[in-house]
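Peer 1: Let me give you the structure first, and then I'll get to my questions.
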Amino acid sequence: MKGLLSANLRASKSSYVATVLAIALAVAFLLTCLGLAGGMRVSMEHNLAWNLNGADVVVVPKEGEAQSIPSETVNSIASGLGSNRPDWDLLPRKDLAMNFKKGKTASFLMVTELGEPRFDPSALVKGKRPQAGEIGIEQSTASALGVGLGDTLTAELFDPKTQGVREEPLQVSGIFASRPASFPSVYASAEDFGKWSKDIEPSLILLGAPRALSPQERATEARALAEIMSSVPGAATLEFKTFDEQVAYIVDHTIGGKNVLLVLALLFPVIAAVVAIIVVSVTYSVLLARRRRQLALLRAVGATKGQLRRLVAEETLLVGAIASAIGVLAGVLFAGMANLVSGLVKDPVGAFTAVSWPMILGSFLAGVAISFLAGFAPARVVAKVTPIEALADENTGGKATKRRVVRTVMASLLFVGGTALMIAAVWLSRSAAMEGAGDSANPEILFYLFLLAMFSGVVSFIGLLLLVSVFLPYLTAGLGKLSAKSAVVWRLAVSNTRRNPRRTGATGAALTLGVTLVVLLLTGAASTKATAVEAVNNASPIDFYISATTEPLMSDGIKEIARVENVARTRVANGVLGSYTLTELEISNPQTEPDAEDFSVDTMLLVEQTDLRAVARAPIAQVKAGEVGIPMLSKDYVGKNVEIRSHGVTLQLKAALTPLSDVQLNPRDFARLLSPGNPATQRVLYLRVNDGISQEKLQQVASRIQVLAGDGSVVGGEAPDRPMFEGIIEAMMWGALAMLGVSILVALVGVANTLALSVLERRREHGLLRAVGMTRGRLGSMLSVEALLIGAASVAIGMLAGIGYAIAGVMVLPFSEIATHLHFVVPSQAWGAALATVAVALLASLLPARAAGRVTPVEALAHD
């Protein structure tokens, strides 16, 4: 059998080219998905865990404990590390912010200590790391303050002797890369930082090994260090985590990133595997059907069914191994390029190393499994054929009809059952998300419902494809009736699609699969982006705001802020200083809640509601007369009594929700607070920035308006964070488009391969047509019409299925924050891509048509 295996591979090598290509593309697809998940992890680590850079073990306070580490404990840990791990590095991370001036321009900046270079949170772009008396500054902050290398910044420091502010000049020694979505920062030497922050306790401690450690080694060291430091004062309140554990914690508690990564890592590979199995299974079915006579001869000379199955299994495993090796190489290249193009990873080396060895090994084994599973069912069918049946002409009735009935029943069960389960998961997810909208639904329940909907959708999709393979010939026959009776080529093509339903169904299933994926991915990505953008805009409709809590805003200052580059529009709101008291929730059990008290906030801005349509990115609900909008209000407090006080005037109002940062009053109620001694003054300035500006320019705007706002104002807004979320969505869009291209290739390889093999199957038929006078051109036209009929029917099914699955996918996304902001968009690219798929399918029929036309009638009628 070994000699027969190699002989079969050599004899069928040309037929296996497309099969190897389909499996290789599927493996590349899998590895690209996993590589993008790895790239997204790298991106999140860079954006959200910058202050952990270079650490192997991180010492952090436990949840529920004071979120700072006493100096005594830090010193004891440093001493213990010096005794037990003398070659390790240690850096306590403290939170310090200070005011810096350049001439008349000032800015409030985060100060980060630079210890060992391994712990640097940002790369040095030019210059050198700061020493004592020097400072490093980020590019965006340097641009906003107008400073460069060698310039002097003045730090304002508290002087305990005079109880006032003293100034300390610092020379700019280095320019560092700006970090995305971060507070503007400067970098100081350990000597200066220690002097400025001596009264501040660190929030965490970084520990770094002298060599690179594997995740397992990091975990071992974390446990060992926790044991060694167990006797340190305050150790009971601390945790020793690995870098990866702390990053996962930060990501999970910031944007639910763990779920995002798992979704990305699971969703597209599952679809890719289903695509490849179906396409490759069609190819194996046709190839093995062509070798019925050869297999029958083997049975006639004594080969058993088991031997034939093992022969085919070995053949599929070997083909799968070769294809997987090619796919792994392509996948690493695709994943690295996708990470670079999407901007997830900016370092070329890091973009490719985001694809780990477990990902590579898993993708290789998945490709081998795809090939084996795809050939399993066709091998069983062929092995069951007796020598007499195989040596006779193929019977398209009888058993074939029985198999179609069984396939129809199984396909119907899969489609109906999968669709029903998917709809149930969507309904349960929507119900849970709507109940949690505004607060937080249980994220684990939403995520598990998402997984249930995803996998039931895959089952439904498999059932749909099987149904397509059964019923598509009837659809093509219906389309064929649109032709004139005199259109001989057209009617012959219609007859061919009906006469061999297995071949028509297989080709149509492959094409339907491609169209469905095109529409699903484009519609899903566009709808997800529109939904997420609206959710972010509704939660944070204002890009920037300036609240003046001490002195009112001056008109000249407002005009100067409005002239800042990339500030598109501004809007001023009047306000007064005051306070409010919010009545506590009703006590449901007086015995267990005897001391419930009212919640009060003193000395804050009470702002007159104004028309913000010119600056807001989403409609803002208007506060009615008799209501007061409270920032960050829980839904449980809506409608509760609120007492508003300002300059001796008291109002009794009802609590309402507002997405703005200050207490909002209806103009009628606000007027009741005013008096000659308590006039309305310009207290809040709302700003909208230009659309589509970069993260760096946003940071420049933030730094500039902080400077212009002055010390007595609070500057806030979600504009600096929005690019991070939009960047993640854009990265997913890029990933979807990259995966889309691979999906189309896999589907089209299936179409072209099936058409090519069908030409080989119909050599005698084509010979007879040529013998009775059909020209090569008309023979090619007949095959093209076949492809057109199958393509048109497949596009109709694929468009409906793709839109339906995309809607279900968007509705079941595991984020309660978007529950009330769903948007469904079918982009024009989806329609264009569907038509393009049909056009490419027609092009795919040209080579088989040419092959059919080149065979002479004598060659075609000869015994194969």
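Along the chain as shown, the residues are counted starting at 1.
Every residue, even glycine, has its Cβ placed from backbone N, Cα and C.
As listed in TrEMBL for this protein:
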type: DOMAIN; residues: 18-196; note: domain 'MacB-like periplasmic core'
type: TRANSMEM; residues: 260-289; note: transmembrane segment
type: DOMAIN; residues: 267-387; note: domain 'ABC3 transporter permease C-terminal'
type: TRANSMEM; residues: 317-337; note: transmembrane segment
type: TRANSMEM; residues: 357-377; note: transmembrane segment
type: TRANSMEM; residues: 409-428; note: transmembrane segment
type: TRANSMEM; residues: 448-475; note: transmembrane segment
type: TRANSMEM; residues: 506-526; note: transmembrane segment
type: TRANSMEM; residues: 732-760; note: transmembrane segment
type: DOMAIN; residues: 739-855; note: domain 'ABC3 transporter permease C-terminal'
type: TRANSMEM; residues: 781-808; note: transmembrane segment
type: TRANSMEM; residues: 828-847; note: transmembrane segment
Peer 1: Is it true that the transmembrane segment (781-808) and the transmembrane segment (448-475) have 3 or more CB pairs under 8 Å, sequence gap of 6 or more?
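Peer 2: The answer is yes, given that the two segments have at least 3 Cβ pairs within the 8 Å cut-off.
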Peer 1: Other than its close neighbours in sequence, what residues sit by the transmembrane segment (317-337), given a CB gap under 8 Å and a spacing of at least six beyond its ends?
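Peer 2: Long-range Cβ neighbours of the transmembrane segment (317-337): 5, 9, 16, 19-32, 34-36, 38-39, 348, 351-352, 354-355, 360, 363-372, 738, 742.
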Peer 1: Could you give the residue numbers and ranges of same-chain residues that sit at least 6 residues beyond the transmembrane segment (409-428) on either side and whose C-beta is under 8 angstroms from one of its C-beta atoms?
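Peer 2: Sequence-remote neighbours of the transmembrane segment (409-428) are 449-450, 452-453, 456-464, 466-467, 469-470, 808, 811-812.
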Peer 1: Which whole number is the mean pLDDT over the domain 'ABC3 transporter permease C-terminal' (739-855)?
Peer 2: 74
